[in-house]
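Visitor: Sharing a structure with you now.
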Amino acid sequence: MSEPKKLFIKTYGCQMNVYDSERMAEALGGKGYIQVQTPDDADMILMNTCHIREKAAEKVYSELGRFKKLKEAKPDLKIGVAGCVAQAEGEEIMARQPMVDLVVGPQSYHRLPAMEEAVQQGKKAVDTDFPEEDKFDTLNKRPRATRGPTAFLTVQEGCDKFCAFCVVPYTRGAEVSRPKERILREAADLVEAGVREITLLGQNVNAYHGHEKGLAGLIWELDKIDGLERIRFTTSHPNDMDDALIEAHGTCDKLMPYLHLPVQSGSDKILKAMNRKHTRDDYFRLIDRIRDARPDLLLSGDFIVGFPGETDQDFEDTMGLVRRVGYGQAYSFKYSTRPGTPAAEKAQLPDEVMNERLQALQALLTEQQVATQNSMVGKEVSVLFEKAGRQEGQMIGKSEYLHAVHATAPAEVKGTIRRVRILESRTNSLHGELI
Ligand code: 5AD
Ligand code: SF4
């Protein structure tokens, strides 16, 4: 048998890219590639890229500059660009960096093996179609290798919401849900390989319609899989939080009490300009209903500051919303103009204004995050242990609220859920003892 070829994948951006990178590695596994952890002696480098903000997209070109040196030293090294920058910029990438051999958009990963063959023959390969066939249908069945205790599983992709700032409807395409049978089979395979917690992924995961009862219907089916102990899902849109899904948060024991529910802004005027299709009050009412169903649920969110037209008062409305809702953790970003999106036509705010607002919002969100973490001290939580800590005898896992928890524990706890009493809250982690 010939030596396996070495594949290095660098993943940027969201969790869906993490999932996609795994699937690409599996697809190329069939062509004799094994995945390696450094680019230095790789035969192929794939960059799985993100286009959501300008900074993320620009990173691709600076990183390609670095990989170029490796290719100069090893001319048969193949370099590919996958993901949302590949989709958005296609052949432009090769024009800017001619040493790139392959450009593949997120909906064409199942065509990678054929593209790899073309590249080996010295051709360039570009595929940024939105093909009819389901890529997951064509991609290899997931191998039965032993896996860590947690896994991502994409159930829905793309978006039809067209928020005025967002490239996702263009890079990932229209909203498509995978049929429930395939998801349930994949979940059962993951559990058989050792997975205890599955995070269902979708750009609009709660718009999932591959089950007649929506995402809640799928969650209840997954609930029946023995050995699967935890279910999470991300990312959701407020307008798709239906009654059944809210209820599941109160009644499905396997569904974890954590919800990432981005609102982006607290100003009605900006929400409208963003095309979010709900008001600030709609969001408050929704949060109240979710908290009625599951009072201890930890909320997470995304915010954009400096959207075109945002006044001091609009920004204050966002700060007020954050104060009223109280987030366990959240992400905040400066508005970034994305070519081709409706908001790109509008006048930009000065950078100093955006920086000031971002700082103020991040300070408030950090304060809330620290307070939430501190409130866990003295409480008991359930931890799914995932790996050994850096300190001798320590194991690390996640609580039901997605906090990283460190505890002194034997290595055997890996892959199991244990009760832990929280003793201390540190930056970004909790420390406790097994009960
Ligand atoms: N500028 C800044 N942030 C953005 N996001 C999406 N598009 C943009 C943009 N053009 C943020 C949103 C979204 C998260 C994934 O990224 O908050 O929820
Ligand atoms: Fe982008 Fe999310 Fe809006 Fe869809 S719902 S356009 S993915 S921000």
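Note that Cβ sites are derived from N, Cα and C of the backbone, with glycine treated the same way.
The shown structure was predicted, so the numbers you read here are calculated from the model rather than taken from an experiment.
Found this in TrEMBL, in case it helps:
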type: BINDING; residues: Cys14, Cys50, Cys84; note: [4Fe-4S] cluster 1 binding site
type: BINDING; residues: Cys159, Cys163, Cys166; note: [4Fe-4S] cluster 2 binding site
type: DOMAIN; residues: 5-121; note: domain 'MTTase N-terminal'
type: DOMAIN; residues: 145-371; note: domain 'Radical SAM core'
type: DOMAIN; residues: 374-435; note: domain 'TRAM'
Visitor: Give me the count of other Cβ atoms within 10 A of the Cβ belonging to Cys166 ([4Fe-4S] cluster 2 binding site).
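Guide: The answer is 21.
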Visitor: Sorry to bug you, but what's the C-alpha spacing from Cys84 ([4Fe-4S] cluster 1 binding site) to Cys166 ([4Fe-4S] cluster 2 binding site), rounded to the closest Å?
Guide: 12
Visitor: Of the binding-site residues Cys84, Cys159, Cys163, which ones put their CB under 6 Å from ligand 2?
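Guide: Among Cys84, Cys159, Cys163, near ligand 2: Cys159, Cys163.
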Visitor: Measuring Cα to Cα, how far is Cys14 ([4Fe-4S] cluster 1 binding site) from Cys163 ([4Fe-4S] cluster 2 binding site) in Å?
Guide: 18
Visitor: What are the DSSP helix/strand/coil residue counts across the domain 'MTTase N-terminal' (5-121)?
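Guide: Breakdown, helix to coil: 63 helix, 24 strand, 30 coil.
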Visitor: Ligand 1: which of the binding-site residues Cys50, Cys84, Cys163 have a Cβ closer than 6 angstroms to it?
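Guide: Near the molecule: none at all.
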Visitor: Counting Cβ atoms within 10 Å across all protein chains shown, which of the binding-site residues Cys84, Cys163 comes out on top?
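Guide: It comes out as Cys84.
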Visitor: Between Cys163 ([4Fe-4S] cluster 2 binding site) and Cys84 ([4Fe-4S] cluster 1 binding site), find the distance joining the two CA atoms and give it rounded to the nearest Å.
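Guide: Roughly 17 Å, rounded to the nearest whole number.
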Visitor: Cβ within 8 Å of the [4Fe-4S] cluster 2 site's Cβ centroid: which residues qualify beyond Cys159, Cys163, Cys166?
Guide: Lys161, Phe162, Phe165, Val167, Val168, Pro169, Gln203
